[in-house]
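Colleague: Take a look at this one; I'll ask things after.
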Amino acid sequence: MPSSFDLLGEMIDLLQTEQLTSYWACPLPNALTKRQDLWRALINQRPALPLSKDYLNLEDTYLDDWRASFVPVSVKDCQKTNYTSLFLYHGDIRYLAVDAIVNAANSELLGCFIPNHGCIDNAIHTFAGSRLRLACQAIMTEQGRKEAIGQAKLTSAYHLPASYIIHTVGPRITKGRHVSPIRADLLARCYRSSLDLAVKAGLTSLAFCSISTGEFGFPKKEAAQIAIKTVLKWQAEHPESKTLTIIFNTFTSEDKALYDTYLQKENNCE
């Protein structure tokens with residue numbers, strides 16, 4: 001069985017042979033972490049074009065090994081709140097073994113092309129595997145236009161523990177700018193569209209990231225309030241959806257503190 005070190009070397013060689021990215025001539029590193037970074041940079045930058053069977057087999061083995069390196073987090077491992085069907089999970093959304101996780105996408109819906117970028121879109125696309133970008137490309141080709149803010153699309157999660165990924169594009173807020181009612185409503189639409197799609201797909205568990213609060217600059221406090229209020233209102237309007245368990249995933253300590261506070265009924269997100 002080839003090691004991760006060797007698998008990375010073979011994948012890097014195949015990707016560099018294509019000469020599709022600015023990293024095609026970089027020398028092969030001798031350190032594991034450097035190889036991981038180079039492979040990720042190559043696959044992040046690679047256009048949504050078909051891949052060879054040889055590469056896909058190597059990537060499948062490598063990502064299967066990655067998937068086996070941690071214990072997935074299920075709903076029962078998540079923190080309970082004062083709302084029966086709402087849970088909290090503080091950590092890496094890629095580790096959640098739920099029916100679907102929500103990805104904060106961009107309007108191209110093809111993932112992040114910035115090498116080794118720290119956004120959730122990059123992390124999800126990298127470790128779901130390159131088939132995800134190809135699946136998203138197929139959706140965008142059929143759609144024939146950029147993805148609108150507040151809509152939602154469903155794909156397989158491929159190598160992630162989750163079964164599916166729901167992709168939604170949130171609104172951007174310029175730093176220091178007030179959150180307008182229009183942008184607040186657009187963020188709420190992201191949650192409603194994702195919930196509607198989850199029910200349509202027959203899902204029973206859905207994990208939301210903090211949409212728009214990263215690279216898109218939406219203030220965390222307002223975003224948390226909108227997220228929780230929107231989900232609670234949607235649940236009240238869809239009593240048939242009681243079987244859908246909803247998880248709010250937080251990654252920063254600030255987000256965790258906000259959701260911990262707002263998911264106590266007496267605070268009511270005010």
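The backbone N, Cα and C atoms fix where each Cβ goes, and this holds for glycine too.
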Colleague: Looking at ADP-D-ribose binding as recorded in Swiss-Prot, which candidate out of N82, N106 goes with D92, I93, C119, I120, D121, S212, T213, G214, E215, F216?
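Modeller: Candidate listed by Swiss-Prot for the same site: N106.
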Colleague: Would you mind checking how many other C-beta atoms are within 10 angstroms of the C-beta on S212 (ADP-D-ribose binding site)?
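Modeller: Result for S212 (ADP-D-ribose binding site): 27 other Cβ atoms within 10 Å.
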Colleague: Output the one of C112, C119, I120 that, of all these binding-site residues, has the highest number of other Cβ atoms within 10 Å of its Cβ.
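Modeller: Its Cβ has the most other Cβ atoms within 10 Å: I120.
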Colleague: Around the Zn(2+) site recorded as C112, H117, C119, what other same-chain residues have a C-beta within 8 angstroms of the site's C-beta center?
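Modeller: Along the chain, the qualifying residues are N44, G111, I114, G118, I120, D121, N122, A123, E215.
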Colleague: D92 (ADP-D-ribose binding site): which of the binding-site residues C112, H117, C119 is the nearest Cα neighbour?
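Modeller: Minimum Cα distance from D92 (ADP-D-ribose binding site) across C112, H117, C119 lands on C119.
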